[in-house]
């Protein structure tokens, strides 16, 4: 058996405008590194080949140490390998991870013992950034979402679906999420929660001016274009990482990605049970 080990090493892929997040990041990094080192030593003592990021090809599984952000980033980075990622949560948010950090030894024993791993395969997004006066496009891959968002002022964005204008909206921005990302930023902006087994594109509007606009769930085969019609300080953000500042008339194209990502679990992933556990939905009184 060959297992890969990856973990959060720095904050380059988790840029954030909040000082609070940056303050706790170094401690989280050290914890992930420490647990990853313990697991590596434990597995090697059981004659398991353990590989780092530079030698992941041929691994049976890749263990990701950190939170959901690390798992998403690493799964996206190595999606072409087609290897399932098993998340071990040493961070703050572990909605997608398989086990908590304190239970790493149980997880390692199950892997070495050949226990069945349940695989959840998720679609990704291909995000193409097009600048009108340049021929070359910039491409990104998203596991959760692509966001166009204004930092300070209202912006106006034109949404085009399959070549036809759908809506022009003024507000703080627009999110295009996968079903995996439906429980992230899209949800906090009022978006729909979508079962992870249903491939879909979820369009959610961030603080639209006027009447509330519900999120729209589209086919994974649709192509969505978002054009900046008005505004400044508008960022393109992929899975929480700011990639570029957009200008007037610049647009992005969002479509189903070429590669899926795979997440491994030690039991059949019960989506509704996970929702209740993480968000306390059963304790909320509605009406």
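The backbone N, Cα and C atoms fix where each Cβ goes, and this holds for glycine too.
Bear in mind that TrEMBL entries carry predicted annotations, made automatically and left uncurated.
Binding site for NAD(+) per TrEMBL: 68, 69, 73, 144, 145, 172, 183, 184, 185, 186, 187, 188, plus 241 from the candidate set 241, 250. Summarising the NAD(+) site geometry, the residues cited as binding it (68, 69, 73, 144, 145, 172, 183, 184, 185, 186, 187, 188, 241) extend over a maximum Cα to Cα distance of 25 Å.
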